[in-house]
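**Q** Per Swiss-Prot, N-acetylproline is recorded for P3, and the stated evidence type is sequence analysis. Look at Swiss-Prot and you will find K14 tagged as N6,N6,N6-trimethyllysine, backed by sequence analysis. Residues or ranges marked as substrate binding site in Swiss-Prot: N123, T173, K177, R295, H327, S379. Marked as active site, proton acceptor by Swiss-Prot on the basis of sequence analysis: K175, H294. Here Swiss-Prot flags K201 as N6-carboxylysine, drawing on sequence analysis. Under the heading Mg(2+) binding site, Swiss-Prot lists K201, D203, E204, citing sequence analysis as support. If you look up Swiss-Prot, you'll see K334 marked as site 'Transition state stabilizer'.
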Amino acid sequence: MSPKTETKASVGFKAGVKDYRLTYYTPEYQTKDTDILAAFRVTPQPGVPPEEAGAAVAAESSTGTWTTVWTDGLTSLDRYKGRCYDIEPVPGEENQFIAYVAYPLDLFEEGSVTNMFTSIVGNVFGFKALRALRLEDLRVPPAYSKTFQGPPHGIQVERDKLNKYGRPLLGCTIKPKLGLSAKNYGRAVYECLRGGLDFTKDDENVNSQPFMRWRDRFCFCAEAIYKAQAETGEIKGHYLNATAGTCEEMIKRAVFARELGVPIVMHDYLTGGFTANTSLAHYCRDNGLLLHIHRAMHAVIDRQRNHGMHFRVLAKALRMSGGDHIHAGTVVGKLEGERDVTLGFVDLLRDDFIERDRSRGIYFTQDWVSMPGVLPVASGGIHVWHMPALTEIFGDDSVLQFGGGTLGHPWGNAPGAVANRVALEACVQARNEGRDLAREGNEVIREASKWSPELAAACEVWKEIKFEFEAMDVL
């Protein structure tokens with residue numbers, strides 16, 4: 001080729017590598033109401049300036065790549081690129097920053113949590129220029145959230161279906177989590193529901209194993225539900241875990257649950273995946289089933305303070321993908337959950353409009369418009385002595401779930417359920433009378449145990465049980 005010959009590459013295109021901040025760090029940018037906003041905790045490698053690190057996150061999670069490419073000229077990068085528009089240091093940390101990134105809405109497929117996460121928490125988390133990266137929060141604009149169905153039914157519809165108002169709902173995970181036959185499993189379900197619980201639950205590990213195939217479990221649990229309903233006059237439910245190896249099998253199990261006439265099914269939304277979860281949520285709305293969500297695997301993603309994704313983001317994603325309940329920690333039990341942080345994402349699950357509040361870890365104001373809310377489920381290492389704190393912390397719109405705290409009662413499953421129901425009713429009554437559960441909770445339980453031998457026995461068994469470990473994820 002003659003030296004004088006001009007090519008496309010030599011006109012308006014300069015090959016090579018340039019700093020991300022030249023294109024993707026735009027502190028002058030005014031965010032739009034339609035932008036998806038993200039707050040990342042960024043720990044750069046030594047020698048990488050904060051602006052370059054923040055810009056790299058914006059680039060690698062949107063339109064950028066490691067080198068300049070001539071096909072940039074075939075589109076409008078200004079329209080589609082992510083922008084790092086602000087950076088602030090993390091107090092008390094030497095080389096850590098919060099980078100705020102704005103993404104134009106056109107980058108994301110409507111109604112797809114899967115596509116949204118593929119971009120925002122995709123390959124950028126393995127980027128070598130960063131020692132660690134954590135997505136702390138996400139602002140989902142109404143223009144995007146309205147493309148999602150959200151929860152199949154929501155809090156008010158669930159209460160109307162169950163005809164239960166003015167108190168938290170009570171549940172129990174059947175134990176041992178693995179190894180029971182379907183008939184013995186159904187027996188435990190019946191005893192707990194007859195004793196006063198609203199729900200019992202499949203453990204997240206229970207799918208369709210050799211010792212208990214899913215169809216047998218579904219049938220025996222349905223029998224237990226109907227028998228308990230007939231004896232108590234209350235509507236009962238059992239979270240039948242429909243999680244399976246394929247979406248087709250999952251839907252088949254949900255169809256069978258609907259044919260049995262039970263009110264609720266369950267899904268492990270992180271191990272099952274967002275695409276499967278959204279499909280199941282759509283089926284549940286169309287067919288009148290409530291959907292309980294377990295968060296198995298969440299701690300792999302959210303427990304480390306410097307890397308991964310905070311659970312408040314996973315909670316928002318679940319509200320969009322669809323679920324009527326989700327496990328949300330207990331604050332007082334055996335599982336991770338600091339109070340202010342937990343209440344922050346509990347509000348993000350339940351409320352329509354949540355103001356920015358950094359004291360609770362909420363980086364952005366979130367407007368869900370008319371999307372139904374999700375009931376937070378407190379579960380894991382809780383018992384009757386925790387009831388006042390749980391009632392005070394979570395309020396009425398919650399599910400309090402006692403597995404070992406029901407089935408571990410010295411007199412059996414039904415007395416364990418009675419003890420929990422009595423404790424809950426006593427706490428709700430005391431609260432409604434104006435008593436301070438935070439200060440008087442133990443006294444409320446002691447008073448109730450004087451006329452409930454089941455509660456008295458439970459109080460004696462668990463009087464010394466505490467889980468006093470420092471939370472890993474704090475503000």
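Keep in mind that glycine also has a Cβ here, set from the backbone N, Cα and C atoms.
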**Q** Around H327 (substrate binding site), which of the listed recorded positions (K201, D203, E204, H294) come within 10 Å, judging by Cα atoms?
**A** H294
**Q** Given the recorded positions N123, K175, K177, E204, S379, which one's Cα is the least distant from that of H294 (active site, proton acceptor)?
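**A** Given the candidates N123, K175, K177, E204, S379, the nearest one is E204.
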**Q** When the number of other CB atoms within 10 A of each residue's CB is tallied over all shown chains, which of the recorded positions K177, K201, R295 has the maximum?
**A** K201
**Q** Measure from the CA atom of K177 (substrate binding site) to the CA atom of E204 (Mg(2+) binding site) and give the result in Å, rounded to a whole number.
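**A** Rounded to the nearest whole number, the Cα-Cα distance is 8 Å.
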**Q** Output, ordered by sequence, the same-chain residues six or more apart from K175 (active site, proton acceptor) with a CB under 8 Å from its CB, or 'none'.
**A** D203, G403, G404, L407
**Q** Highest CB neighbour count within 10 A among the recorded positions H294, H327?
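**A** By the 10 Å Cβ neighbour count, H294 comes out on top.
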**Q** Here are the binding-site residues: N123, T173, S379. Which has the lowest count of other Cβ atoms within 10 Å?
**A** N123
**Q** If I take the alpha carbons of T173 (substrate binding site) and K201 (N6-carboxylysine), what is the distance between them in whole Å?
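**A** On Cα coordinates alone, these residues lie 5 Å apart.
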**Q** Within 10 Å of each Cβ, count the other Cβ atoms and name the one among the binding-site residues D203, E204 with the highest count.
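**A** Top count of Cβ atoms within 10 Å goes to E204.
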**Q** Looking only at N123, T173, K177, R295, H327, S379, the residues listed as binding substrate, what is the longest Cα to Cα distance in Å?
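**A** Spelled out: the longest distance between any two Cα atoms in N123, T173, K177, R295, H327, S379 is 37 Å.
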**Q** Under a three-state reduction of DSSP output, how is K201 (N6-carboxylysine) classified: helix, strand, or coil?
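**A** DSSP call for K201 (N6-carboxylysine): strand.
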**Q** Other than K201, D203, E204 themselves, what residues in this chain have Cβ atoms within 8 Å of the centroid of the Mg(2+) site's Cβ atoms?
**A** T173, I174, K177, D202, N205, V206, Y239, N241, M266, H294
